[in-house]
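Undergrad: Dumping what Swiss-Prot says about this protein:
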type: BINDING; residues: G629, P630, N631, M632, G633, G634, K635, S636; note: ATP binding site
Amino acid sequence: MAEHSAPALEIDPKYGPFDKHTPMMQQYLKLKSAHPHTLVFYRMGDFYELFFEDAEKAARLLDITLTSRGTTNGQPIRMAGVPFHAVEQYLAKLVKLGESVAICEQIGDPATTKGPVERKVVRVVTPGTLTDAALLSDKVNNHLLAIAQIPGKRGAAPLVGLAWLNLVGGELRLMECSAEQLDRELERIRPAEVLADDATLNAVAFDVARTRLPDWHFDVEAGARRLREQLGVASLVAFGCETLTAALAAAGALLNYAAATQGQSLRHVIGLTVEHESEFIGLDTATRRNLELTETLRGQESPTLFSLLDTCATSMGSRLLRHWLHHPLRDRAVPQARQQAIEVLLAGDWQSLRGTLRTLSDVERITGRLALLSARPRDLSSLRDTLARLPEVRDQLPQSDDAQLLGDLHAALAIPEDAHALLQRAVMAEPAAMVRDGGVIARGYDADLDELRDISENCGQFLVDLEARERERTGIANLRVEYNRVHGFYIEVTNGQAAKVPDDYRRRQTLKNAERYITPELKAFEDKALSAQDRALSREKYLYEDLLQKLLPHLPVLKRIAAALAQADVLATLAERAHALSWSRPALTDAPGIELIRARHPVVEQQVEQFVANDCVLQETRKLLLITGPNMGGKSTFMRQTALVVLLAYVGAFVPADAATIGPIDRIFTRIGAADDLAGGRSTFMVEMTEAAAILHRATPNSLVLMDEIGRGTSTFDGLALAWAIARHLLSHNRSHTLFATHYFELTQLPQEFAQAANVHLSAVEHGDGIVFLHAVQEGPASQSYGLQVAQLAGVPQPVIRAARKRLAWLEQHSADTGATPQLDLFALPSDPSDDDAAEAAAPAAPSALAEALDGIDPDSMTPRDALDALYRLKALSDASA
């Protein structure tokens, strides 16, 4: 991703002597010096122009034309441009590439300015500070995050402070964590842009757009002061962050940077949430990836848990649902309140509620743009129409003494009468897209604007009336009153009627066959009419800006309404999903353990015709399940579905199971699948061991641990020894709820040593030379792994399968004779004479006469007689070979 540094304040020497440049280029270079690592979009008329190296870079990234025009300092001016009315599409492309763009507008009046029109950078568009609807994903929050590190006291590890902001939503959050936890938190938050000093950014592995700031931006005292100013308080004690020094340092840098990019204060950032690791069920990077919450293992958006659940009626709901899935809560009270609300919704008319919600606009983002004074006319009309429908939403929210959450939402959705009335009076029913086009402010809102519009709109009728009066007054029947852009309004009289022209006519233009005149009355009207449209647009722009200011005091209530609508949408969506997918309400209890009855994998179930539901019981006397069975038998699916049911329960959703009783959970760990990290210089086995080590260090008795085929990637004895030791450690030290899938059948002896371990297996049956997977979890260990049958299904050549069968038979016989599994040298010759056939089978063999004859037969082209003859020939060849 692109990196940016803090602005410098001096002209780059590469541009040569400053006084050798033209006045306009001097203006540009001053602006560019404040944004040296940012593309500068310099407004010139209907285009944003880029110059010098910015032009070259933009031409390459945007595939636009690079040209030269004029000279400055004796050199051609390299330039490229984009039309201002289509700038959003170019900004979107640049931001996706990790670039930042400074938008430089004309703020002076060309009519009264000598030299270059005054310009200034009005905002800086960076990956983390997007506010335009065209640049934002509807269903993903866009976060700007700052990281600050404070040295630990007395040799302790440094404190890492995080502050992150959803700029358009106005949500500010803080937390502190350890350095080793940083990447996990970045994976959870997934910011679009990170701010930090050099040393901190160099230690960040997360792939993200980065902006480097000097160390002094991350000052604790300055950060605390900036945060108090932002929140309008004298103390931060009430927010619980006064002692979070590293987080305060990060917050100060974050708020200053965000305000600088917008060129104004952040009026809508009026609250603060302090997060603690203990609030949420811990999900590390591997777990989020393996459970495919919002992205598949291949990096696709579907099929995932989010894509299955997201039938939300609003974009606000989709964003909140995504947040909930990544933040399951440890405290049972909140998910239980959500589940109770879902139950009440299911008993009512949730379909009508969802229908109404679909008609609403994105109040959260409109409110953010309103706070930044960048809301467009249709934002305001959408906001007005949404506020008008709040009573309908409230009526459709069922009220119950058993669902306090729904009551809270009902109260939060009271219509703000003053704001709604103001929008109704001020904004047209269907306003123009941009205020510069006019047609935004409603008639009757401002008398001066109405008068100017009347002049402009009644211009045609005035000219018709004037023409009729002048014909009658002068007796010139073919007199015409007209207008053109060069000469304005005029009265045209043919040369043959010139003698009838009154004295008050003043000649304006002479043509070959006619004269054009102006009268005092027409001149007065011309002055008024020609300026009326410009004055109306100017007046409308002023009124619109004033309207935005008048709406600012309503920001807190609008933010509350946005949050309530999003939550109502998610709850109604989860109710719809529970109904459509036949999910049930889980029971969250104090007693440790997990008991799932006929549980299903929520996503896989939708991808197959028939899904086999399974039970899963983990309790104090049954902490670890050793899962054996064939590849493709469903072990990984069984493990993942258990984790997803637990996660959904603590999100507050219903779950894909007939019944679920789940005790306290603090973390979910997964060690599933095989993948290397070539960029990081780590093999598949190293990645596996690194993830296993993290689990062994961090898992607690309330953690859910999924371990899939641990120990592969090394020799048989090494892998088996590691798998045995890891399973024992999880039982004796971590005591976590553990699902441990393995192909090491020796591990099935573990329950003999630990009473809290139990064997289960995924069943399969052989059918002829093939295998049928039953996908049913049954008690006890599997009888075999069916590896050869799976290899055959995969299309492994038959000679290889035959050789493997013989080798397997010898290995099993050797194991039975010695009571041990041999540590094999795969490159050694067979040590048993009976295995010569296996070695022979593995080598290429000359085709037999019978095989050659079979290869030469084309059954589709044979007559019945030909087929009978061929059968006799094959029988003869078979007898001869025998």
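Using N, Cα and C of the backbone, Cβ positions are placed for all residues, glycine too.
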Undergrad: For S636 (ATP binding site), what is the tally of other C-beta atoms lying within 10 angstroms of its C-beta?
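TA: I count 23 other Cβ atoms within 10 Å of it.
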Undergrad: Say we define neighbours as other CB atoms within 10 Å of the CB. Which of the binding-site residues G629, P630, G633, G634 has the fewest?
TA: P630
Undergrad: Name the residue among the binding-site residues M632, K635 whose Cβ has the smallest number of other Cβ atoms within 10 Å.
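TA: Per-residue Cβ counts within 10 Å for the binding-site residues M632, K635 bottom out at M632.
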Undergrad: On the three-state reduction of DSSP, what should I expect for G629 (ATP binding site)?
TA: coil
Undergrad: Inside 8 A of the center formed by the CB atoms of G629, P630, N631, M632, G633, G634, K635, S636, which other residues of the chain have their CB, for the recorded ATP site?
TA: L762, A764, F773
Undergrad: Specify the secondary structure state of S636 (ATP binding site) as given by DSSP, simplified to three classes.
TA: helix
Undergrad: If you draw a 10 Å sphere on the Cβ of N631 (ATP binding site), how many other Cβ atoms land inside?
TA: 19
